[in-house]
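Enquirer: Sharing a structure here in structure tokens format.
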């Protein structure tokens, strides 16, 4: 097969690192361009852009996964990386086209799904947890350093250089896939011809969600995931814009915040999580993580000073233990042949939240009139008074209303999670799942259990 060496996890790691390093460089320039392009209703437009992208990714991920079973992983790695990075050079050419292409690129912005399938092709089942953890840690590492580098270069040489550098890294990623990445899916594992039919069940994004109500324990887990991840998805889409424009963080401060939060999250998901799982158990770890998430969202919602944001960020890092704990709970309670089905349900719900959360946050910001119209005025002679009046107005109401809504949502998730039993064998309660397992996923696909895990910074596999 074309490529350098035999397929390995390191090929996948490099692809992920380069893609997200390129986007990380653009963190600060994107916040500026977003405000300049949509000076009115900035949060609403940001939520709509990210919401459309998330929903399109949710709808297209199963189809792209099924097609990669037929045509191989390398071609779809190339396709997803190309379309995910296509908007980057448009930032300086045409901001309107930049945001339009970002939202539409959600159709192909599912690199992680293909990467995890690639990893599943070349690893044994007992090796996958470590391999997935390495990929997720690489994603975190790329975002720890790149926003700070982008902010520094933008301040010293201008945003145009940052865009050119991000474009060059994206092109390097594409060239690496073309030249160095070997195909991971053997020919013998593929159908006899490219004309092999793809069933609707394989491409149906709602297929996994339809089985949620078939088992009461899985239903409780899925409701917990939905109520807790919906505000988190919205928070990730708008929080750095909120820090930059409402809380007055500089580009360097935002980059430092991302770096510190990423490092603390990695520590929380490795050292702290393992200690908690051994000492207080799986369910109690989930409850503790939800408790931290409620605290950090409430702190973000009422916080009006920069130091409050930093303190709440440390709590947010601790709340990142929730999803690894949920993933571990599902892995322990489901049989080996049901892992893909159960994890697929959780992944489907999280994908849905990636579309609904940003739009919901943007709409709540819009309802509560949290806008940026007053911010460009401090250069005038009365600028100090204007800014003071603006902050007085923001302090007289709730500074971050969506975060308080999120805290209420996670509180409901905590109440639901209280009813999840600590030790349960889902096999007893899910005898009719096996007939669904056979109809889902390509019959030749070796990666069913792994492909279902959605890779995010706070969802590494334990």
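Cβ atoms here come from the backbone N, Cα and C positions, even for glycine.
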Enquirer: Using TrEMBL as the reference, determine which range in 47-68, 377-398 is annotated transmembrane segment.
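Expert: In TrEMBL, residues 47-68 carry the label transmembrane segment.
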Enquirer: Quick one: which of 187-204, 331-348, 403-420 does TrEMBL have down as transmembrane segment?
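Expert: Checking TrEMBL against the ranges 187-204, 331-348, 403-420, the transmembrane segment one is 403-420.
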Enquirer: For the transmembrane segment (75-91), which partner among 12-35, 131-154, 160-181, 351-368, 403-420 gives the most CB pairs under 8 Å?
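Expert: Highest pair count goes to 160-181.
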Enquirer: Any residues 6+ beyond the ends of the transmembrane segment (284-302) with a Cβ under 8 Å from its own?
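Expert: Sequence-distant neighbours of the transmembrane segment (284-302): 224, 228, 231-232, 235, 239, 273, 276-277, 308-309, 311-313, 315-316, 318-323, 325-326, 329, 398-404, 406-407, 410-411, 413-414, 417-418, 420.
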Enquirer: Taking 3+ C-beta pairs under 8 angstroms (sequence gap of 6 or more) as contact, is the transmembrane segment (308-330) in contact with the transmembrane segment (351-368)?
Expert: no
Enquirer: If you average pLDDT over the domain 'Major facilitator superfamily (MFS) profile' (8-425), what do you get?
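Expert: Over the domain 'Major facilitator superfamily (MFS) profile' (8-425), the predicted model scores a mean pLDDT of 79.
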Enquirer: Which bits of the chain, at least 6 residues beyond where the transmembrane segment (12-35) starts or stops, bring a Cβ under 8 A of a Cβ in it?
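Expert: For the transmembrane segment (12-35), the list is 42, 45-46, 77, 81, 84-85, 88, 91, 95, 98-99, 111-112, 115, 118-119, 134-135, 138-139, 141-143, 145-147, 149-151, 153-154, 159, 162-163, 165-167, 169-170, 172-173, 176-177, 180-181, 240-241, 244-245, 251, 254-255, 258, 372, 375.
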Enquirer: To the transmembrane segment (217-234), which of 47-68, 254-277, 351-368 is linked by the most Cβ pairs under 8 Å?
Expert: 351-368
Enquirer: For the transmembrane segment (160-181), find every same-chain residue at least 6 residues outside the stretch whose CB is under 8 Å from a CB in it, and list them.
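Expert: Residues packing against the transmembrane segment (160-181) from afar: 3-4, 7, 11, 14-15, 18-19, 21-23, 25-26, 28-29, 74, 77-78, 81-82, 85, 88-89, 91-92, 150, 153-154.
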Enquirer: Does the structure show the transmembrane segment (351-368) and the transmembrane segment (131-154) touching, where I'm treating 3 or more Cβ pairs under 8 angstroms (sequence separation 6 or more) as a contact?
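Expert: Per Cβ check, the transmembrane segment (351-368) does not touch the transmembrane segment (131-154).
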